[in-house]
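The next block holds one structure in the form of structure tokens; read it before the comments.
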Amino acid sequence: MSDNASNTRKAPAGERVADWADGRLGIYSLAKANMRKIFPDHWSFMLGEICLYSFIIIILTGVYLTLFFHPSMNEVEYAGSYVPLQGQLMSEAFNSTMHISFEVRGGLLIRQIHHWAALIFVAAMLVHMMRVFFTGAFRKPREVNWLFGFLLLVLGMFTGFTGYSLPDDLLSGTGVRFMQGAVLSVPIVGTYLSMFLFGGEFPGGDFVARFYSVHILLLPGIMMGLLVAHLILVFYHKHTQFAGPGRTNKNVVGMPLLPVYMAKAGGFFFLVFGVISVVAAIATINPIWAIGPYRPDQVSTGAQPDWYMGFSEGLIRVMPGWEINLWGHTLVLGVFIPLVIFPLVLAAIAVYPFIESWVTGDKREHHILDRPRNAPTRTAFGVAWLTWYSVLLVGGGNDLWATHFHLSINSITWFVRIAFFVAPVLAFVITKRICLGLQRRDKEKVLHGRESGIIKRLPHGEFIEVHEPLNQEQLHTLTAHEQYKPLELGPEVDENGVARKLPRSEKLRAKLSKGYYGEDNQIPKPTAEEYKEITSGHGHH
Amino acid sequence: MKKLSARRRHPLAAVVVLLLALAATGGLYAAFAPADKAQADETAQSLAIDEGKKLYAVGCASCHGTGGQGTSDGPSLVGVGAAAVDFQVGTGRMPAQQPGAQVPRKKVIYNQAQIDQLAAYVASLGAGPSVPNDKQYNPEGADIGKGGELFRSNCAQCHNFTGEGGALTHGKFAPTLEDVDPKHIYEAMQTGPQNMPSFPDTTMPEKEKKDIIAYLDAVNGDKTASPGGLKLGGLGPVSEGLFAWIFGLGALIAVAVWVAARTAKAKKS
């Protein structure tokens, strides 16, 4: 008895708490399975962390803002401390945002952290997504997680949009009007949709309150769920890694979650918070006091949305103002076509993984990342998409390009109209050539070694450059990637000499597959025989 | 001398002679051109018109015609008034350097006395708005809030929320209103220079112009504070987005690279 008593007394407090919790929550096995989870080290694997941390920062600062923000469109007269707006009529939403900015302690800083973090959040999501894209990390088994991530990006965009519309300032009000115009352009149901969204004619007295619940509850709630699912899947699938000696499709080489990775990640959170706070402390964002309260009869030049909506602005700015008038009804193609292209721009990148897996027909799991050059068609497609996106961003800021580079806004618009179709194609071709060039260089390096820059004169007078052979590790890394063979359709006739019926989709697949992996579309990587033959010789090329 | 004459058939001889001739004319002009202070203290109206006419003949007539009637290169100046001259010449827009979509603001090349003479001459061609006096455009005591409302209703669609400027079609633009003299803002509203519509007293009374000037002085003047930190040009989301990408995400990626490079290396045993 006394032994038992002394034992309980001796158990450290931490252990007792852990025991208590384990007995009720069963966390021991969970912790055992996950605490030693391995994470490979590479800076690009931390892009997702930037997203996660900026999302947390947004939630923390957002909660603070909700304490002071009044989501109401009741008209009040401004009587705060900012002189140039005194006596002006404005909505309570605007008034309370002014109050947050000028009277609430730390309010302006928190507001700026919230807004800057939002811009950085979406930017980091895009970059993270591009990392996943260019390294082929979206391949089986991670397709679903790719979609989760994509949904987070889209929801992030709309959470941002509903968020910056809340202060009811002249800039965001113009943005909401823009959105309403797009809704109105939908044939047949547009008017009804708009009336439904705004509770009557624009702007009405409802949209701020509606956007508010969407912004602080609905969208962040869904995002939170998706985020957790995204992270659980990262844990479940384990992290991908770049090829290297000792790294296979069946292992993960890196640091354990606890303690190393946790310490790093925890520290990184504070670094992210620090950087965003510094940015928010030195640079203004959305100075609503300078912009003024929204009034539907007013508008300013340079009325752009936040950057992540910029490509939609570009679509609408460069679209010719076409419209069709039929039986007293107007079909505003100049707005409706951009509205249709808007989701297509996003969908183009989202569905790519499925197209690729269909073309390759590859059903295996992939945990080793591709170097972008080793998947030239994918890389070229990604760069083409980014080019397309950037061209639209240029279109969205055409007025600032015009004033800052002393150009004609009309020329820029025409440039964007043409580049919308031409630039992605050019980017595709150029990127693919660059990738193939890099593949050739890799092959050259593997077979002949690194150029040392040392010139040697041979006894008979010839000058040669001395090449240093690569070491085993480098050789492995450069040749670890696998190369697909283009899909063969098989003979055109079957054993009886009758023409085989091939589904059209199969023919298309074969064509695409040839485009991906055909003769001129990848450089065959050096084989062991080639390597032996060359290295066994006398270093003669 | 022999050397020189030997080269008189040189292909570049003509160029050298031309350069010498230009230098000589220019030098002579500089030496004999009327000195600035000669006209400074003339006050009589007719005298000012006379002097203005002379200045006009040298600096303006080539585009606006010898009598201000206008040519294909420049509009007629009959009836534009002294205020238009004071604005265009006083902000350096005129005389124009080159034809183009719009004549930009540049270094002022006439002094105020000469500008007044030019204005007097042009005003004598036909009645038009006169140069406003200090009482008309001094922002003191005006209603800033009202000015802001007027600015957002009438000016912001081209000049941006706080007058940072914006683009118009075909290379034309609404210039920034930063560092613009209140008098010139008043004159611009009064006369509608270049691509700007005019806001005569019948559409925008003197008091409202004053309110607008007071608003600009408050939000885009020398003493305007920027409570949030760097203004980033006051251009809105485009410059903010650029800043977020370059300095926000750029810094974060740099930090990520730094963190990833400082890894705990497993000991090889």
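Each residue, glycine too, has its Cβ placed from N, Cα and C.
Taken straight from TrEMBL:
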DOMAIN    A:17-243  domain 'Cytochrome b/b6 N-terminal region profile'
REGION    A:518-541  region 'Disordered'
TRANSMEM  A:45-69  transmembrane segment
TRANSMEM  A:115-134  transmembrane segment
TRANSMEM  A:146-166  transmembrane segment
TRANSMEM  A:178-199  transmembrane segment
TRANSMEM  A:211-236  transmembrane segment
TRANSMEM  A:257-285  transmembrane segment
TRANSMEM  A:331-355  transmembrane segment
TRANSMEM  A:375-394  transmembrane segment
TRANSMEM  A:414-435  transmembrane segment
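Counting Cβ pairs under 8 Å to the transmembrane segment (A:178-199), the stretch among A:146-166, A:257-285, A:331-355, A:414-435 with the most such contacts is A:331-355. In this chain, the transmembrane segment (A:375-394) lies in contact with the transmembrane segment (A:331-355); the count of Cβ pairs under 8 Å, excluding pairs fewer than 6 apart in sequence, is at least 3.
In this model, the domain 'Cytochrome b/b6 N-terminal region profile' (A:17-243) carries an average pLDDT of 93. Here the transmembrane segment (A:211-236) touches the transmembrane segment (A:45-69). Their Cβ atoms form 3 or more pairs under 8 Å, with each pair 6 or more residues apart. Under 8 Å from some Cβ of the transmembrane segment (A:375-394) lie the Cβ atoms of residues 130, 133-134, 136, 307, 310-312, 314-315, 318, 345, 348-349, 352, 356, 401, 412, 415-416, 419-420, 423-429, 431-432, 435-436, 439, 515-516, 521-522, all in the same chain and six or more residues away from its ends.
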